[in-house]
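Swiss-Prot annotations:
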- 2-116: domain 'Response regulatory' (DOMAIN)
- 53: 4-aspartylphosphate (MOD_RES)
- 120-143: region 'Disordered' (REGION)
- 129-138: compositional bias 'Polar residues' (COMPBIAS)
- 149-253: domain 'HTH LytTR-type' (DOMAIN)
C-alpha cells in the first residue's frame, strides 16, 4: 500500500511512520505537515490511505478530508488525532477509521487491516462480474497498446499521438502537456498520465516532470552532478538527483 501521514507535529509524524513500517505492508509512506504539502503529493502520485490529524497549522484536517473526498481517485482516510470530539464529523466524511494519540501498535494494525479489506472488496466487486472483468481486461489492453492519449480541456477532448508528446509536467497544481502541435493544461495529476503513456520512451526525470526521451535534443552537465535537457521544442528540464541513476540507465549513459 501507499500512504501519506499528515501531521504538523514532527514527533507524531515520525512515530506513526515508525509504527507503520513495523507492519511492513507499505511500499511507500510519505509525510506532510500541512494541507498544501498534502495536496501537492496527491498531484504527483496515487495513494491508498491518508493518516490525517485534525488540528493542522494552516487548515482543519476535516476541511482537507472534504477536499480529498471530492477527488477522482480519493484515498481512504484514517483520522489520527489526540481528540475524540470530532469522531462523528469524521465518519460523516466517510473516514474508514479514527485512531487516537498516543498511538498503539495494535490499534494501528487494526486500522490498516480495515483499509486492506476495503481495497480487497473493491477488487472482488469487479472480479465477481464476468462482463466487468472482461471490459477491464479489454480497457487495460487498449491502454497498453494505444498510441494515442485523450486529453480533456474545457469540455473538449483532444486526441494526441504519443509520439507527439514532448513532456508532461506539474506546476502550482496545473498539469501541462507539451506536444509538437500545442500545449494543453489540465487538472489531472501527473500519475494519471504516467499510467496512460507507460511505454519505454517515457520516463520521470523529476517528481513533477515526465519526458519523452525521443524528443531530447541535448543533454548538458548541470549543478550538483545532474543534467539539463533541451527538448526538440527548446524547453529545458532538469533531471533531479533522485532520478539520475534511472535516467542514465534508460539513456545508456552508464
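Glycine residues also receive a Cβ, built from the backbone N, Cα and C atoms like all the rest.
Shown in sequence order, 6, 7, 8, 9, 12, 61, 79, 80, 81 are the residues of the chain, 6+ apart in sequence, with a C-beta less than 8 angstroms from the C-beta of residue 53 (4-aspartylphosphate).
Taken as a whole, the domain 'Response regulatory' (2-116) shows an average pLDDT of 90 in this prediction. With helix defined as DSSP H, G or I and strand as E or B, the domain 'HTH LytTR-type' (149-253) counts 27 helix, 54 strand, 24 coil. Under DSSP, residue 53 (4-aspartylphosphate) is assigned to coil, being neither helix nor strand in the three-state scheme.
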